[in-house]
Amino acid sequence: MKLLVKAPAKINLSLDVLHKRPDGYHEVEMIMTTIDLSDRVELTLLNQDAIHILSHNRYVPDDQRNLAYQAAQLLKDRFQIKQGVVISIEKTIPVAAGLAGGSSDAAATLRGLNKLWNLGLTLDELAVLGAEIGSDVSFCVYGGTALAKGRGEIITELPAPPTCWVILAKPFIGVSTSDVYRRLDVNGIKHPSIHGMIEAIKCNDYQRVCQNVGNVLEDVTLSLHPEVAQIKEQMKRFGADAVLMSGSGPTVFGIVHHDSRMHRIYNGLRGFCDQVFAVRLLGDRHPLE
Ligand SMILES: C[C@](O)(CO)[C@H](O)COP(=O)(O)OP(=O)(O)OC[C@H]1O[C@@H](n2ccc(N)nc2=O)[C@H](O)[C@@H]1O
Ligand SMILES: Nc1ncnc2c1ncn2[C@@H]1O[C@H](COP(=O)(O)OP(=O)(O)OP(=O)(O)O)[C@@H](O)[C@H]1O
């Protein structure tokens, strides 16, 4: 039996850090939304008790370091599944980019195996399991748009943001999320208005969404990699209505309303960056597979 599951990337429209917790993680408040840039995760059940990862991308681990492998292992252990699975990952989402590619592959694996193994789990139950794999996995189980609190795993659904184009530009560098959090000075943070972003989304107010974007991890990554600041400047110069780094970076996204502006920014950045995409937001949550 086989199932193909889409695993979309996320961007953080807003990312605030409240404080560092005793367990080493940071208490966050984030507005996350899925975008139409997806990996394809194909799950094929096996009779022997094994998990195999297939991927043509040399940056994607093919063993237990892969978050999709960890998702399958977690379900096997928790529900005493003796069957195995081949997880074939066709990567489109850039790796180590701040777009939650690995987390989304893990979430897709949870949703897909829930169906193939007839586990009957709800999205809420899958999101709780996902939190054991990584902080972004719970959001990726649901998709859509949400406020994420705690270390990222406490999810409250929000309506879809106003329709817009998102141009993504990833420079030729990868960033370590733990390194960025470690370097953050939690006492020197200028907090974005999460409330302002929630209201903007609820009112479907495009200008207000653009005014309220903010990411407290941005300055850390910008200080390590000046090329990220250069990409931000270029996006602004080419006419983006809002420009922000996603997650811990290094991917920068720009938001625009009009097709012509989207083309100008896309063409302006191609060649200058490693990877550039122009995509729409995905409005809705994933259905249960
Ligand atoms: C930057 C974001 O991607 C924004 O959505 C997330 O906050 C990070 O999510 P993630 O990559 O799934 O994070 P995890 O795999 O759980 O953690 C990676 C590392 O990031 C740091 N980390 C992560 C989340 C959090 N709330 N506080 C942290 O300090 C920890 O050092 C942790 O060891
Ligand atoms: N399925 C996967 N796809 C890509 N990378 C994976 C996967 N599983 C594990 N990894 C490892 O995780 C690291 C981070 O990759 P990923 O693309 O998930 O980062 P990210 O987009 O910055 O994540 P986040 O936004 O959640 O912090 C990679 O360097 C890779 O070694």
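Backbone N, Cα and C atoms are what each Cβ position is placed from, and that goes for glycine too.
Listed in TrEMBL:
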type: ACT_SITE; residues: Lys10; note: active site
type: ACT_SITE; residues: Asp136; note: active site
type: BINDING; residues: Pro94, Val95, Ala96, Ala97, Gly98, Leu99, Ala100, Gly101, Gly102, Ser103, Ser104; note: ATP binding site
type: DOMAIN; residues: 66-144; note: domain 'GHMP kinase N-terminal'
type: DOMAIN; residues: 197-273; note: domain 'GHMP kinase C-terminal'
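This view paints the features noted in TrEMBL onto the structure.
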residue: Lys10; record: active site; CB count, 10 Å: 29
residue: Pro94; record: ATP binding site; CB count, 10 Å: 21
residue: Ala96; record: ATP binding site; CB count, 10 Å: 18
residue: Gly98; record: ATP binding site; CB count, 10 Å: 29
residue: Ala100; record: ATP binding site; CB count, 10 Å: 30
residue: Gly102; record: ATP binding site; CB count, 10 Å: 27
residue: Ser104; record: ATP binding site; CB count, 10 Å: 30
residue: Asp136; record: active site; CB count, 10 Å: 29
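With respect to their backbone Cα atoms, Lys10 (active site) and Ala100 (ATP binding site) stand 6 Å from each other. DSSP classifies Asp136 (active site) as coil under the three-state reduction. A helical conformation is recorded for Ser104 (ATP binding site) in the three-state DSSP classification. In the three-state DSSP scheme, Lys10 (active site) is classed as strand. Note on the domain 'GHMP kinase C-terminal' (197-273): DSSP counts are 43 helix, 13 strand, 21 coil. Candidate binding-site residues: Ala96, Gly98, Ser104. Those with a Cβ under 6 Å from ligand 2, in sequence order, are Ala96, Gly98.
By the rule that a residue counts when its Cβ sits under 6 Å from some atom of ligand 1, the recorded positions Lys10, Pro94, Gly102, Asp136 yield Asp136. Annotated pair Asp136 (active site) and Ala100 (ATP binding site), C-alpha to C-alpha distance, rounded: 7 Å.
For the domain 'GHMP kinase C-terminal' (197-273), the model's average pLDDT works out to 96.
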